[in-house]
(Lines of atoms letter the chains of each structure in order from A; the text may use other names.)
(Lines give C-alpha, C1' and ligand atoms only; values in the text may rest on other atoms or scores of the structure.)
Protein backbone atom coordinates (compact mmCIF):
# COMPACT_ATOMS: atom_id res chain seq x y z
CA UNK A 1 0.00 0.00 0.00
CA UNK A 2 3.01 2.34 0.24
CA UNK A 3 3.54 2.24 -3.53
CA UNK A 4 3.61 5.57 -5.36
CA UNK A 5 1.82 6.27 -8.64
CA UNK A 6 3.48 8.51 -11.22
CA UNK A 7 1.04 10.89 -12.89
CA UNK A 8 2.57 12.68 -15.88
CA UNK A 9 0.82 15.93 -16.75
CA UNK A 10 -1.23 18.21 -14.48
CA UNK A 11 -3.91 19.17 -16.97
CA UNK A 12 -7.57 18.32 -16.47
CA UNK A 13 -7.06 14.55 -16.68
CA UNK A 14 -3.82 14.38 -14.68
CA UNK A 15 -5.12 16.65 -11.92
CA UNK A 16 -8.31 14.58 -11.61
CA UNK A 17 -6.36 11.31 -11.60
CA UNK A 18 -4.00 12.62 -8.90
CA UNK A 19 -6.97 13.71 -6.76
CA UNK A 20 -8.76 10.36 -7.08
CA UNK A 21 -5.57 8.53 -6.08
CA UNK A 22 -4.69 10.85 -3.19
CA UNK A 23 -8.16 10.76 -1.63
CA UNK A 24 -7.91 6.96 -1.59
CA UNK A 25 -4.70 7.14 0.45
CA UNK A 26 -2.31 6.49 -2.46
CA UNK A 27 0.92 8.49 -2.73
CA UNK A 28 1.22 10.42 -5.99
CA UNK A 29 4.25 11.79 -7.79
CA UNK A 30 2.70 14.43 -10.08
CA UNK A 31 4.96 15.65 -12.90
CA UNK A 32 4.25 18.95 -14.67
CA UNK A 33 6.90 20.43 -16.97
CA UNK A 34 5.44 23.93 -16.88
CA UNK A 35 6.87 26.53 -16.16
CA UNK A 36 10.31 24.91 -16.68
CA UNK A 37 9.22 24.06 -20.22
CA UNK A 38 6.11 25.67 -21.70
CA UNK A 39 3.85 24.39 -24.47
CA UNK A 40 2.87 26.65 -27.38
CA UNK A 41 -0.66 26.99 -25.96
CA UNK A 42 -0.22 27.41 -22.19
CA UNK A 43 0.55 30.70 -20.44
CA UNK A 44 0.84 29.80 -16.73
CA UNK A 45 2.23 27.15 -14.39
CA UNK A 46 -1.23 26.38 -12.98
CA UNK A 47 -2.81 22.94 -13.11
CA UNK A 48 -5.88 22.40 -15.33
CA UNK A 49 -5.25 25.58 -17.33
CA UNK A 50 -8.04 26.03 -19.89
CA UNK A 51 -6.26 26.96 -23.12
CA UNK A 52 -9.34 27.48 -25.31
CA UNK A 53 -12.89 28.33 -24.21
CA UNK A 54 -13.83 28.94 -20.57
CA UNK A 55 -17.00 26.88 -21.03
CA UNK A 56 -17.41 23.28 -19.87
CA UNK A 57 -20.55 23.15 -22.05
CA UNK A 58 -24.11 22.23 -21.11
CA UNK A 59 -25.17 21.60 -17.51
CA UNK A 60 -28.64 20.21 -18.29
CA UNK A 61 -29.39 16.52 -17.83
CA UNK A 62 -31.03 16.48 -21.27
CA UNK A 63 -27.51 16.84 -22.69
CA UNK A 64 -24.94 14.03 -22.51
CA UNK A 65 -22.13 16.25 -21.23
CA UNK A 66 -24.49 17.50 -18.51
CA UNK A 67 -25.08 13.90 -17.46
CA UNK A 68 -21.31 13.31 -17.51
CA UNK A 69 -20.78 16.23 -15.11
CA UNK A 70 -23.44 14.93 -12.74
CA UNK A 71 -21.87 11.47 -12.74
CA UNK A 72 -18.54 13.09 -11.88
CA UNK A 73 -20.16 15.03 -9.01
CA UNK A 74 -21.40 11.70 -7.61
CA UNK A 75 -17.81 10.41 -7.77
CA UNK A 76 -16.31 13.51 -6.06
CA UNK A 77 -14.53 15.00 -9.06
CA UNK A 78 -12.03 17.74 -8.17
CA UNK A 79 -12.44 19.31 -11.61
CA UNK A 80 -16.24 19.59 -11.50
CA UNK A 81 -16.18 20.78 -7.87
CA UNK A 82 -13.75 23.56 -8.89
CA UNK A 83 -15.90 24.45 -11.90
CA UNK A 84 -19.02 24.70 -9.73
CA UNK A 85 -17.17 26.91 -7.22
CA UNK A 86 -15.69 29.19 -9.94
CA UNK A 87 -18.70 29.37 -12.25
CA UNK A 88 -19.74 32.54 -14.07
CA UNK A 89 -23.17 33.28 -15.60
CA UNK A 90 -23.54 31.37 -18.89
CA UNK A 91 -27.20 30.47 -19.33
CA UNK A 92 -27.60 26.70 -19.40
CA UNK A 93 -23.85 26.08 -19.63
CA UNK A 94 -21.21 25.68 -16.93
CA UNK A 95 -18.60 28.34 -17.64
CA UNK A 96 -15.83 29.39 -15.27
CA UNK A 97 -13.46 32.19 -14.41
CA UNK A 98 -10.48 30.40 -15.95
CA UNK A 99 -7.89 31.93 -13.57
CA UNK A 100 -9.88 31.17 -10.42
CA UNK A 101 -10.66 27.69 -11.73
CA UNK A 102 -7.01 26.79 -12.40
CA UNK A 103 -5.94 28.27 -9.05
CA UNK A 104 -8.64 26.25 -7.26
CA UNK A 105 -7.58 22.94 -8.85
CA UNK A 106 -3.88 23.70 -8.27
CA UNK A 107 -4.38 24.48 -4.59
CA UNK A 108 -6.63 21.49 -3.97
CA UNK A 109 -4.32 18.94 -5.62
CA UNK A 110 -0.96 20.46 -4.66
CA UNK A 111 -1.88 20.80 -0.98
CA UNK A 112 -3.07 17.23 -0.56
CA UNK A 113 -0.62 15.49 1.79
CA UNK A 114 -0.40 12.45 -0.51
CA UNK A 115 0.70 14.49 -3.56
CA UNK A 116 4.29 15.45 -4.37
CA UNK A 117 4.65 17.83 -7.33
CA UNK A 118 7.75 17.81 -9.54
CA UNK A 119 8.13 20.61 -12.11
CA UNK A 120 10.25 18.83 -14.69
CA UNK A 121 9.91 17.33 -18.16
CA UNK A 122 9.49 13.56 -18.30
CA UNK A 123 11.43 12.13 -21.23
CA UNK A 124 11.12 8.40 -20.42
CA UNK A 125 8.07 6.31 -19.52
CA UNK A 126 8.66 5.40 -15.85
CA UNK A 127 8.55 1.91 -14.42
CA UNK A 128 5.94 1.17 -11.79
CA UNK A 129 2.31 2.34 -11.68
CA UNK A 130 2.01 5.30 -14.05
CA UNK A 131 -0.73 7.42 -15.62
CA UNK A 132 0.22 9.31 -18.79
CA UNK A 133 -1.98 12.39 -19.20
CA UNK A 134 0.24 14.73 -21.18
CA UNK A 135 -2.44 16.06 -23.50
CA UNK A 136 -2.55 17.16 -27.13
CA UNK A 137 0.74 19.07 -26.88
CA UNK A 138 2.91 16.27 -25.49
CA UNK A 139 6.61 17.16 -25.68
CA UNK A 140 8.72 15.84 -28.54
CA UNK A 141 10.92 13.73 -26.25
CA UNK A 142 8.00 11.92 -24.61
CA UNK A 143 6.19 11.60 -27.95
CA UNK A 144 9.23 9.73 -29.28
CA UNK A 145 9.04 7.29 -26.36
CA UNK A 146 5.30 6.85 -26.87
CA UNK A 147 5.95 6.03 -30.51
CA UNK A 148 8.43 3.35 -29.42
CA UNK A 149 5.90 1.98 -26.93
CA UNK A 150 2.82 2.00 -29.16
CA UNK A 151 4.35 1.50 -32.60
CA UNK A 152 4.65 4.02 -35.43
CA UNK A 153 1.13 3.41 -36.74
CA UNK A 154 -0.67 3.96 -33.44
CA UNK A 155 0.35 7.51 -32.49
CA UNK A 156 -1.18 10.49 -34.27
CA UNK A 157 -0.28 14.16 -34.19
CA UNK A 158 -3.39 15.88 -35.49
CA UNK A 159 -7.13 15.38 -35.73
CA UNK A 160 -8.79 15.29 -39.10
CA UNK A 161 -12.33 14.37 -38.22
CA UNK A 162 -15.48 14.58 -40.31
CA UNK A 163 -18.80 15.59 -38.74
CA UNK A 164 -20.94 12.87 -37.15
CA UNK A 165 -24.75 12.94 -37.22
CA UNK A 166 -27.55 11.03 -35.49
CA UNK A 167 -29.25 8.57 -37.84
CA UNK A 168 -32.65 9.28 -36.27
CA UNK A 169 -32.41 12.91 -37.42
CA UNK A 170 -31.97 12.05 -41.12
CA UNK A 171 -34.77 12.17 -43.70
CA UNK A 172 -34.62 8.52 -44.78
CA UNK A 173 -37.04 9.17 -47.66
CA UNK A 174 -34.25 11.09 -49.40
CA UNK A 175 -31.30 8.77 -48.76
CA UNK A 176 -30.62 5.19 -49.83
CA UNK A 177 -28.46 2.33 -48.60
CA UNK A 178 -25.84 1.16 -51.09
CA UNK A 179 -22.12 0.44 -51.49
CA UNK A 180 -20.26 1.63 -54.59
CA UNK A 181 -20.79 -0.81 -57.50
CA UNK A 182 -22.81 -2.92 -55.01
CA UNK A 183 -19.56 -4.41 -53.69
CA UNK A 184 -20.03 -6.28 -50.41
CA UNK A 185 -22.99 -5.48 -48.19
CA UNK A 186 -24.80 -2.17 -48.57
CA UNK A 187 -22.82 -0.26 -45.95
CA UNK A 188 -23.31 3.42 -46.77
CA UNK A 189 -26.21 5.84 -46.59
CA UNK A 190 -26.13 7.91 -49.78
CA UNK A 191 -27.47 11.43 -50.19
CA UNK A 192 -28.00 12.11 -53.92
CA UNK A 193 -27.74 15.63 -55.35
CA UNK A 194 -28.97 17.22 -58.54
CA UNK A 195 -26.68 19.68 -60.32
CA UNK A 196 -28.72 22.56 -58.92
CA UNK A 197 -28.43 21.20 -55.35
CA UNK A 198 -24.70 20.67 -55.80
CA UNK A 199 -24.21 24.24 -57.07
CA UNK A 200 -26.04 25.64 -54.03
CA UNK A 201 -23.97 23.44 -51.69
CA UNK A 202 -20.70 24.37 -53.43
CA UNK A 203 -21.37 28.11 -53.25
CA UNK A 204 -22.16 27.90 -49.52
CA UNK A 205 -19.09 25.76 -48.83
CA UNK A 206 -16.52 28.00 -50.53
CA UNK A 207 -17.94 31.14 -48.92
CA UNK A 208 -18.17 29.68 -45.38
CA UNK A 209 -15.83 30.93 -42.65
CA UNK A 210 -12.98 28.77 -41.34
CA UNK A 211 -11.45 28.68 -37.86
CA UNK A 212 -8.16 30.64 -37.80
CA UNK A 213 -5.11 28.41 -37.39
CA UNK A 214 -2.93 28.74 -34.33
CA UNK A 215 0.73 29.35 -35.14
CA UNK A 216 1.87 25.98 -33.76
CA UNK A 217 -0.65 24.12 -35.96
CA UNK A 218 0.41 25.48 -39.33
CA UNK A 219 3.39 23.24 -39.99
CA UNK A 220 1.49 19.96 -39.61
CA UNK A 221 -1.92 21.02 -40.70
CA UNK A 222 -2.60 19.64 -44.13
CA UNK A 223 -0.35 16.59 -44.08
CA UNK A 224 -2.17 13.79 -45.87
CA UNK A 225 -5.70 14.98 -45.17
CA UNK A 226 -7.27 17.85 -47.06
CA UNK A 227 -10.25 19.77 -45.66
CA UNK A 228 -13.33 19.59 -47.89
CA UNK A 229 -13.42 23.40 -48.23
CA UNK A 230 -9.80 23.48 -49.49
CA UNK A 231 -10.62 20.75 -52.00
CA UNK A 232 -13.66 22.73 -53.18
CA UNK A 233 -11.60 25.87 -53.74
CA UNK A 234 -9.29 23.96 -56.10
CA UNK A 235 -12.09 23.77 -58.64
CA UNK A 236 -15.82 23.29 -58.76
CA UNK A 237 -15.62 19.69 -59.97
CA UNK A 238 -12.75 18.55 -57.71
CA UNK A 239 -15.15 17.06 -55.14
CA UNK A 240 -16.99 15.19 -57.91
CA UNK A 241 -13.82 13.15 -58.44
CA UNK A 242 -13.26 12.82 -54.70
CA UNK A 243 -15.65 12.26 -51.78
CA UNK A 244 -18.77 13.28 -53.77
CA UNK A 245 -18.07 10.97 -56.72
CA UNK A 246 -21.41 9.50 -57.95
CA UNK A 247 -19.96 6.63 -60.03
CA UNK A 248 -21.39 3.23 -59.04
CA UNK A 249 -24.01 4.79 -56.77
CA UNK A 250 -27.13 4.78 -58.93
CA UNK A 251 -30.26 5.82 -57.06
CA UNK A 252 -32.48 2.69 -56.77
CA UNK A 253 -35.61 4.88 -56.93
CA UNK A 254 -34.73 6.30 -60.34
CA UNK A 255 -32.16 3.80 -61.63
CA UNK A 256 -30.04 6.81 -62.61
CA UNK A 257 -26.70 8.11 -61.45
CA UNK A 258 -27.06 11.35 -59.41
CA UNK A 259 -24.97 14.41 -60.29
CA UNK A 260 -23.19 14.10 -56.91
CA UNK A 261 -23.46 11.88 -53.83
CA UNK A 262 -22.54 12.49 -50.20
CA UNK A 263 -21.89 9.21 -48.37
CA UNK A 264 -22.46 8.53 -44.68
CA UNK A 265 -20.68 5.64 -42.96
CA UNK A 266 -21.81 3.94 -39.75
CA UNK A 267 -19.69 5.16 -36.84
CA UNK A 268 -20.83 3.08 -33.87
CA UNK A 269 -21.72 -0.56 -33.29
CA UNK A 270 -25.38 0.24 -32.56
CA UNK A 271 -25.82 2.04 -35.90
CA UNK A 272 -27.14 5.24 -34.30
CA UNK A 273 -24.30 7.51 -35.49
CA UNK A 274 -22.97 8.14 -39.01
CA UNK A 275 -19.95 10.13 -40.16
CA UNK A 276 -19.87 12.09 -43.41
CA UNK A 277 -17.22 10.41 -45.53
CA UNK A 278 -14.32 12.61 -46.63
CA UNK A 279 -15.76 15.74 -45.02
CA UNK A 280 -12.96 16.57 -42.60
CA UNK A 281 -13.22 20.32 -42.25
CA UNK A 282 -11.95 23.41 -40.49
CA UNK A 283 -15.14 25.45 -40.93
CA UNK A 284 -16.60 27.30 -37.97
CA UNK A 285 -19.31 25.21 -36.33
CA UNK A 286 -22.21 27.52 -37.20
CA UNK A 287 -21.12 27.49 -40.84
CA UNK A 288 -20.75 23.70 -40.79
CA UNK A 289 -24.35 23.35 -39.65
CA UNK A 290 -25.66 25.65 -42.39
CA UNK A 291 -23.60 24.01 -45.15
CA UNK A 292 -24.34 20.41 -44.11
CA UNK A 293 -28.08 21.07 -43.93
CA UNK A 294 -28.00 21.84 -47.66
CA UNK A 295 -27.30 18.13 -48.27
CA UNK A 296 -30.54 16.27 -49.19
CA UNK A 297 -31.63 14.19 -46.20
CA UNK A 298 -29.60 16.25 -43.74
CA UNK A 299 -31.93 19.27 -43.56
CA UNK A 300 -32.70 18.57 -39.88
CA UNK A 301 -29.51 16.64 -39.07
CA UNK A 302 -28.45 16.59 -35.42
CA UNK A 303 -24.67 16.98 -35.41
CA UNK A 304 -23.16 15.18 -32.40
CA UNK A 305 -19.58 16.01 -33.32
CA UNK A 306 -18.51 18.79 -35.65
CA UNK A 307 -15.61 18.33 -38.04
CA UNK A 308 -12.27 19.42 -36.62
CA UNK A 309 -8.69 19.64 -37.80
CA UNK A 310 -6.15 20.61 -35.17
CA UNK A 311 -2.93 19.61 -33.48
CA UNK A 312 -3.63 16.71 -31.16
CA UNK A 313 -1.33 13.95 -29.96
CA UNK A 314 -3.46 10.84 -29.41
CA UNK A 315 -3.10 7.08 -29.52
CA UNK A 316 -5.13 4.42 -31.31
CA UNK A 317 -6.99 3.41 -28.15
CA UNK A 318 -9.05 0.58 -29.71
CA UNK A 319 -5.76 -1.20 -30.45
CA UNK A 320 -3.93 -0.25 -27.27
CA UNK A 321 -6.24 0.29 -24.29
CA UNK A 322 -8.73 -1.61 -22.16
CA UNK A 323 -11.97 0.09 -21.09
CA UNK A 324 -10.29 0.60 -17.70
CA UNK A 325 -7.81 2.96 -19.45
CA UNK A 326 -5.04 0.39 -18.87
CA UNK A 327 -2.45 -0.28 -21.57
CA UNK A 328 -3.14 -3.79 -22.90
CA UNK A 329 0.51 -4.85 -22.75
CA UNK A 330 1.24 -3.43 -19.29
CA UNK A 331 -1.42 -3.46 -16.58
CA UNK A 332 0.25 -0.83 -14.38
CA UNK A 333 0.38 1.74 -17.19
CA UNK A 334 -2.69 3.92 -17.74
CA UNK A 335 -3.50 6.66 -20.23
CA UNK A 336 -5.94 9.52 -19.64
CA UNK A 337 -7.17 12.72 -21.24
CA UNK A 338 -7.34 13.81 -24.86
CA UNK A 339 -4.43 11.49 -25.61
CA UNK A 340 -6.90 8.57 -25.36
CA UNK A 341 -9.26 10.01 -27.96
CA UNK A 342 -11.83 11.59 -25.68
CA UNK A 343 -12.62 15.10 -26.89
CA UNK A 344 -13.40 17.99 -24.56
CA UNK A 345 -12.53 19.37 -21.14
CA UNK A 346 -15.09 17.35 -19.18
CA UNK A 347 -14.45 14.14 -21.11
CA UNK A 348 -10.70 14.48 -20.45
CA UNK A 349 -11.25 14.96 -16.73
CA UNK A 350 -13.64 11.98 -16.66
CA UNK A 351 -11.02 9.70 -18.21
CA UNK A 352 -8.54 10.87 -15.55
CA UNK A 353 -11.11 10.07 -12.89
CA UNK A 354 -11.44 6.48 -14.15
CA UNK A 355 -7.67 6.03 -14.57
CA UNK A 356 -7.10 7.37 -11.04
CA UNK A 357 -9.73 5.09 -9.49
CA UNK A 358 -8.34 2.05 -11.32
CA UNK A 359 -4.68 2.78 -10.56
CA UNK A 360 -5.67 2.99 -6.88
CA UNK A 361 -7.57 -0.30 -7.10
CA UNK A 362 -4.56 -1.97 -8.75
CA UNK A 363 -2.35 -0.99 -5.80
CA UNK A 364 -5.03 -2.06 -3.33
CA UNK A 365 -5.14 -5.51 -4.94
CA UNK A 366 -8.69 -4.99 -6.24
CA UNK A 367 -10.08 -5.60 -9.71
CA UNK A 368 -10.15 -2.47 -11.91
CA UNK A 369 -13.71 -1.26 -12.51
CA UNK A 370 -15.23 -1.15 -15.99
CA UNK A 371 -18.02 1.43 -16.11
CA UNK A 372 -21.19 0.32 -17.90
CA UNK A 373 -21.97 2.04 -21.19
CA UNK A 374 -25.33 2.90 -19.66
CA UNK A 375 -23.33 5.76 -18.10
CA UNK A 376 -21.71 8.72 -19.83
CA UNK A 377 -18.34 7.80 -18.27
CA UNK A 378 -18.67 4.20 -19.45
CA UNK A 379 -19.94 5.11 -22.91
CA UNK A 380 -16.78 7.16 -23.54
CA UNK A 381 -14.51 4.35 -22.33
CA UNK A 382 -16.49 1.87 -24.43
CA UNK A 383 -16.26 4.08 -27.54
CA UNK A 384 -12.49 4.62 -27.42
CA UNK A 385 -11.76 0.93 -26.88
CA UNK A 386 -14.44 -0.80 -28.97
CA UNK A 387 -14.84 1.43 -32.04
CA UNK A 388 -13.31 0.72 -35.46
CA UNK A 389 -9.53 0.92 -35.00
CA UNK A 390 -8.95 1.69 -38.70
CA UNK A 391 -10.94 4.94 -38.67
CA UNK A 392 -10.46 5.95 -35.03
CA UNK A 393 -10.92 9.66 -34.33
CA UNK A 394 -11.53 11.54 -31.06
CA UNK A 395 -15.12 11.89 -29.84
CA UNK A 396 -17.01 13.92 -27.26
CA UNK A 397 -19.84 12.74 -25.01
CA UNK A 398 -23.20 12.23 -26.72
CA UNK A 399 -26.25 10.06 -26.20
CA UNK A 400 -25.50 8.18 -29.42
CA UNK A 401 -22.69 6.39 -27.55
CA UNK A 402 -24.95 5.22 -24.71
CA UNK A 403 -26.33 1.70 -24.60
CA UNK A 404 -29.76 1.78 -26.25
CA UNK A 405 -32.77 2.11 -23.96
CA UNK A 406 -34.54 -0.92 -25.36
CA UNK A 407 -37.73 1.06 -25.97
CA UNK A 408 -38.44 3.50 -28.78
CA UNK A 409 -39.14 7.03 -27.47
CA UNK A 410 -39.87 9.49 -30.28
CA UNK A 411 -39.75 12.67 -28.18
CA UNK A 412 -36.08 13.62 -28.02
CA UNK A 413 -36.24 15.36 -24.64
CA UNK A 414 -38.08 12.43 -23.03
CA UNK A 415 -35.58 10.01 -24.58
CA UNK A 416 -32.64 12.00 -23.23
CA UNK A 417 -34.25 12.21 -19.79
CA UNK A 418 -34.51 8.42 -19.77
CA UNK A 419 -30.84 8.08 -20.71
CA UNK A 420 -29.94 10.49 -17.89
CA UNK A 421 -32.13 8.79 -15.28
CA UNK A 422 -30.70 5.34 -16.07
CA UNK A 423 -27.12 6.66 -16.14
CA UNK A 424 -27.35 8.35 -12.75
CA UNK A 425 -29.01 5.35 -11.10
CA UNK A 426 -26.21 3.15 -12.48
CA UNK A 427 -23.43 5.52 -11.39
CA UNK A 428 -24.83 5.80 -7.86
CA UNK A 429 -24.84 2.01 -7.60
CA UNK A 430 -21.24 1.86 -8.87
CA UNK A 431 -20.14 4.58 -6.45
CA UNK A 432 -21.26 2.45 -3.49
CA UNK A 433 -18.77 -0.25 -4.51
CA UNK A 434 -15.74 2.03 -4.93
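Glycine is no exception: its Cβ is also placed from the backbone N, Cα and C atoms.
The FAD binding site annotation in Swiss-Prot covers 9, 10, 11, 12, 13, 14. Annotation for residue 10 (FAD binding site): spatial neighbours 18, 30, 31, 32, 47, 48, 106, 109, 117, criterion Cβ-Cβ under 8 Å with sequence separation of six or more.
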Most crowded position, judged by CB atoms within 10 A, among 12, 13 as binding-site residues: 13
Check: same-chain CB within 8 A of FAD site center, minus 9, 10, 11, 12, 13, 14: 7, 15, 16, 17, 47, 48, 133, 134, 135, 336, 337, 348, 352
